[in-house]
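Here the structure comes first, spelled out in structure tokens, and everything after it is commentary.
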Amino acid sequence: MLTRPREIYLATAVSIGILLSLIAPLGPPLARADGTSQLAELVDAAAERLEVADPVAAFKWRAQLPIEDSGRVEQQLAKLGEDARSQHIDPDYVTRVFDDQIRATEAIEYSRFSDWKLNPASAPPEPPDLSASRSAIDSLNNRMLSQIWSHWSLLSAPSCAAQLDRAKRDIVRSRHLDSLYQRALTTATQSYCQALPPA
């Protein structure tokens, strides 16, 4: 019995659908259904962590403390490396990402110190205690690490750079980041797309 054209069409459509369903998982989509980057939450957490630089700088200025605290940095990076290892994420990648984040944060603090050196009256008179800011930083570190784990495959995919650029544009717009924060965000995220492909 001859196959009718409609049956041929349906069979072909089904075959194409199956083929596409097999191909689709091979690469992450460039954006979610709402048009936002899949890296938006990670980049937003990085931006929020950068914003903690302002109250930290204000406290250090009033307390006459140095901006850089190598002991605290080493402690943070060691813990993050251990946490990454426990989640089967490359610890070298994680420590590199957070080292970038810390250097970007310190750059903002140095900028604030420079402003207040020129105009001491512009410094916040009663900054929040440093412990509150550090608690916020620890929480944001965990949030960022969770996002890295969730998007590990994407961070090593060819589409990572495009997703990262989209996420940065969206976060700059939504958080109204000025030029200083935009440069800091670029530094903080510069190693995101250097993850090794999953074994």
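Each Cβ is built from the backbone N, Cα and C atoms, and glycine gets one as well.
Keep in mind it's a predicted model, so treat the numbers as computed, not measured.
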For the substrate site, Swiss-Prot lists R49, K60, D69, R72, V73, E74, Q75, Q76, T105, E106, A107, I108, E109; sort out which one of R96, R134, R166 goes with them.
R134
Considering each pair of residues in R49, K60, D69, R72, V73, E74, Q75, Q76, T105, E106, A107, I108, E109, R134, all listed as binding substrate, report the largest CA to CA distance in Å, no decimals.
21
With every protein chain in view, what's the tally of Cβ atoms within 10 Å of the Cβ of D69 (substrate binding site), excluding that atom itself?
15
Please give the average pLDDT for the domain 'Chorismate mutase' (34-113) in this predicted model.
97
Look at the binding-site residues Q75, T105 and tell me which residue has the greatest number of other C-beta atoms within 10 angstroms of its C-beta.
T105
